[in-house]
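K.L.:
Pasting the feature list from TrEMBL:
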- 111: active site, proton donor (ACT_SITE)
- 244: active site (ACT_SITE)
- 351: active site, proton donor (ACT_SITE)
- 379: active site (ACT_SITE)
- 468: Ca(2+) binding site (BINDING)
- 308-337: disulfide bond (DISULFID)
């Protein structure tokens, strides 16, 4: 109606240019909605959790994990990209004056690499401010004791003040995804500092995993022993928790290094074939394509929300010259991940769904009571960003905007912040969990903002590769 009115008033203006104007208004409005969400989250964090790891928005308090202001570091590049300069400057001041890694504290190697090291490196690249590089180098050097193991497969935990490292107290295993999803960051740290030890340490891990027995068509088990360097608890294959980002970092390291490291590419392509052969099924009644799990030869129709990273990675691979059927599969899985939201009463996805495969099912998916929580996770909006950026189909933006609206409806806390919820099936009592994960600001809101952008050069996928915490790192050019 508005367009036809405009057309009567300005008959000389072409319909196409009016459409463009309308799309621009929509884009600006949706991006502003993301900035509003960020400001609201930040308001709560500043008021009740400043300098601490994560906000507890309902109790107006905070939780401490590493005691390193995790939310601030994770959100630095988001604020820069969203052009929230005032918020960025106060965060920078905190990093300059308060952030110290000389602390007697145990950190998880993987989580602190992707969130802290990754966040500092990307903010350095976006701003050119050497403060962030010096903090990144300080952190990177403090994480190195994790690699002092008999097998060179790193321990899961490091005391960054004492320079000691150890496995979790219940096992000498590390998680496969964790030890194979720190490579982008350590490789980049070596390139920037001209110190080869960082890249050498993480390359050794990839080389070790490359030759290990125990894979199934390129799919890896979930655990690896730090003493023997062998896979343990073999026979279980998943693209969800504990294995997910291994596959993501195979492709992304290949892209980061200028698409020269054939071994990484071969392992990635083989793994995707392994997924197609062993893990891909269709649900009943509507035939959604999903990725299940395999346990000792038994297929389980269980899919973690974490697996929704896969459509984005497949699309990114296709954009980098990999087979076109990767993009077809990306689109199918994207539809499934969207349905994991739509089919819930709150319009928010649970942590895990179980798909129905038998004829005569009345619904495609069931959710167990213990799996009904939503942690404000980014994987679906992350993949929506890639699919929109690479196909320009506006349906992906529409889906993302619905998800943002549902976060606002069910997760927004009036006094500031957003909270994880316990029950996505109960819109009356979604049962808030009182926690705002740092990745809601580091990843979820960043990907939503980029999804709603019409500028393909805003963090261009031909110049940057995102780490698994949504921190963009530069693709190396051949001149380097």
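Cβ atoms here come from the backbone N, Cα and C positions, even for glycine.
Fair warning: this is a prediction, and the values are worked out from it, not measured in the lab.
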K.L.:
Between residue 308 (disulfide bond) and residue 244 (active site), find the distance joining the two CA atoms and give it rounded to the nearest Å.
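P.N.:
One finds 10 Å between the Cα atoms of these residues.
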K.L.:
Would you mind ranking the active-site residues 111, 244, 379 by how many other Cβ atoms sit within 10 Å of each Cβ and giving me the lowest?
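P.N.:
Relative to the other active-site residues in 111, 244, 379, 111 has the fewest Cβ atoms within 10 Å.
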K.L.:
Do any residues at least six apart in sequence from residue 351 (active site, proton donor), in the same chain, have a Cβ closer than 8 Å to its Cβ, and if so which, in order?
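P.N.:
In sequence order, the residues whose Cβ lies under 8 Å from that of residue 351 (active site, proton donor) (at least 6 apart) are 304, 305, 371, 372, 373, 374, 375, 377.
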K.L.:
Near residue 337 (disulfide bond), which residues of its own chain have a C-beta under 8 A away, given they sit six or more steps off in sequence?
P.N.:
305, 308, 311, 349, 379, 380, 383
K.L.:
How many Å lie between the Cα of residue 244 (active site) and the Cα of residue 468 (Ca(2+) binding site)?
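P.N.:
For residue 244 (active site) versus residue 468 (Ca(2+) binding site), the Cα atoms are 10 Å apart.
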K.L.:
Measuring Cα to Cα, how many angstrom lie between residue 468 (Ca(2+) binding site) and residue 111 (active site, proton donor)?
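P.N.:
About 10 Å separates the two Cα atoms.
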K.L.:
Tell me, how many other CB atoms lie within 10 A of the CB of residue 308 (disulfide bond), whichever protein chain they belong to?
P.N.:
29
K.L.:
Report, as a single number, how many Cβ atoms besides its own are within 10 Å of the Cβ of residue 468 (Ca(2+) binding site).
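P.N.:
Its Cβ shell of radius 10 Å holds 26 other Cβ atoms.
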